[in-house]
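Here is what TrEMBL records for this protein:
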DOMAIN    10-194  domain 'Glycoside hydrolase family 9'
ACT_SITE  HIS121  active site
ACT_SITE  ASP172  active site
ACT_SITE  GLU181  active site
Amino acid sequence: MQEVLDGTTYSLQSYKSSADSFMCTLIPESSSSHIQYSPGGLIYKPGGSNLQHATTITFLLLVYANYLEKSSQILNCGTISVSPSMLRKIGKRQVDYILGENPKGISYMVGYSNYYPQKIHHRGSTIPSINDHPQVIGCNEGSIYFNSSQPNPNVLVGAIVGGPGEDDVYDDNRDEFRKSEPTTYINAPFVGALAYFAANPNVN
């Protein structure tokens, strides 16, 4: 993509057109916008574990913004022109939402802030540690802990759960694995987004 934006590889121009088109779908003011946002501002796609979409799209927004800026280009989305800073603003809004600036005031990253999911769908976090329970806990013996109404005994610091629904609602419940289960494919792109904002703390 860098070569296309720099104008050195014309055979890949169709890829740039596809990338531009996708970015325009993320802009609410664009005539081609079709990505849904929750009332609180979170990118939402149906299917569960929604934060996998929000974190991945955030990473793509930041990468594409950098490409546009380095090649001194803007994104043409029909009746509006979109600058790299606008793409970054959308990305930052997603990061802020995930870390607690949302209608529930909850951080969807476990262990971050004073209010985060306590009952995540994760076996290692749910069952007691070997220090508290030296005996082996068999595969079928974990149900008592899974069904407990108590917070998980082991805080899985840094894990990002599946997140809220399209209405910004999140019930802290292990049973709702689509919302309460952390995954590497949610966390991985978020690391890239956090790295960008850590290196560029003045981006609004």
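From the backbone N, Cα and C atoms, a Cβ is placed for every residue, glycine too.
A straight line from the CA of ASP172 (active site) to the CA of GLU181 (active site) spans 11 Å.
Residues near HIS121 (active site) in space but far in sequence (CB under 8 A, at least 6 apart, same chain), listed by position: VAL161, ARG174, ASP175, GLU176, PHE177, SER180, GLU181, PRO182.
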